[in-house]
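Below is one structure, written out as structure tokens, with a few remarks after it.
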Amino acid sequence: MIVFLKPKSIIQLTDLARDLFVSNFSSFQIEYYLPDSVMPLAEQLLSDYPGICHKPEFSCIGRAVADDRKRREFALASKRGVVLHFFKLLTSDIINTRKIAIGFRSSWLKIHRQKAVKEDVVIKIAHREGGPERNGQLLSASVATTNSFSMTQQIHPPMPTNGTVPNSTRMSTWAFTHGQEDFGCMRHRRIFRSFNDILLPEFFEMLDKLLDIGHESHHRLASELVTGMVSGSKLWQYAKVRKVQERLEQQLTDTFLGLTEEVEKNWGTALATIFDACEPRVTNWLIQMLFGLAKRPTEISTQIKTRLYLLQSGLNQYEWRIPNEWRRLFELCMEHVNGLGCSYQNVRLRIGSCLATISSSDFKKALVEANGGDANAEDDSQWKHVTVEEVISRINAMLTPLGVKHSVRLLMVSPPMFLTPNRHFL
């Protein structure tokens, strides 16, 4: 015989669990009984009469409360301790602790938010319709709006003769939008920010497989993974960060040596994203690696152009903050101009774009403290920005031995349009 048991509801299960605890683990209370002869003596101690010697001069509880109030007021007045506590929470290895610190800051700003001061601006000569005459049709009655075909045709373009409307970019085919989607490194960055280095070996194994394949899609995913790994580990402990740097330095060097034009844009975007998310001290190892890669001898023009492009993509995010690195890139470009690199058109275009980016700080009148802030330093030339005049003088010095005459030589013009940074090359 088969018996079908009816399942119990969740309410019955909770009632059963409650009854189980009540019946087996009931609470108890201890009662104390004092003899009646002690109570009159206790009442005498609490009574007040002249000449009493056992009454306390102050209340112990009141004094403790007053001391606690003073400590709390002092802690609130000491802003330095609050700031230090906030930064300790913000630099913690635990993601929940950092979120708590951000929540504290948001609450503090909401409490101490200053109210906006509203000022009434009185218009001396107000238009009778409230605006310029050309907007009168929008402010007056409906009779003043466009009510004829000629007026409508002046404002809105007529429909094309074939009766079609050009499609937007989103409605185009995949061939037109290929490679234009957003660079998705945020998901990888959140993984390393949240889980620390727990998943690092698995991602390194995945990165090795992606870099072995030369397809564009695989390099796109590898560049996103490297970007998330470097930018997501910037708040780790130094030993963990150094482990990531040593592993990536060798992998990226081998990858950039054989980089093709099909995938160079992905890695340029990856380096620009990394340099934008981290300060120069954090990416110093990457800068030294790129300079060492660019100084390696090669006779292939695409490799020279690609290495300069990677350097320019990363350093461009720091703008005027790294004059010494811009000067190093300037000297590197001059070496290629004197060498074999200037014989190729693609290398010349990249060198021109680099020189425009290098000298862009001269347009903004960027000022840097002499000697880099070190009073004991003797040579401060590396801390000075490369000026447009210096670039033109160096190029003119190279053209003079060639016998260039008259207007063929580069002259100092104002503004130097031929050295204006061109975003198209970036």
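The count begins at 1 with the first shown residue.
Yeah, the Cβs are placed from backbone N, Cα and C, and that goes for glycine too.
According to TrEMBL, the feature domain 'Proteasome activator complex subunit 4-like HEAT repeat-like' maps to 82-121, 185-313.
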Using DSSP three-state counts, the residues of the domain 'Proteasome activator complex subunit 4-like HEAT repeat-like' (82-121) come to 26 helix, 0 strand, 14 coil
What mean pLDDT score does the domain 'Proteasome activator complex subunit 4-like HEAT repeat-like' (82-121) have in the model? 81
Residue counts for the domain 'Proteasome activator complex subunit 4-like HEAT repeat-like' (185-313) under DSSP, helix then strand then coil, are 97 helix, 0 strand, 32 coil
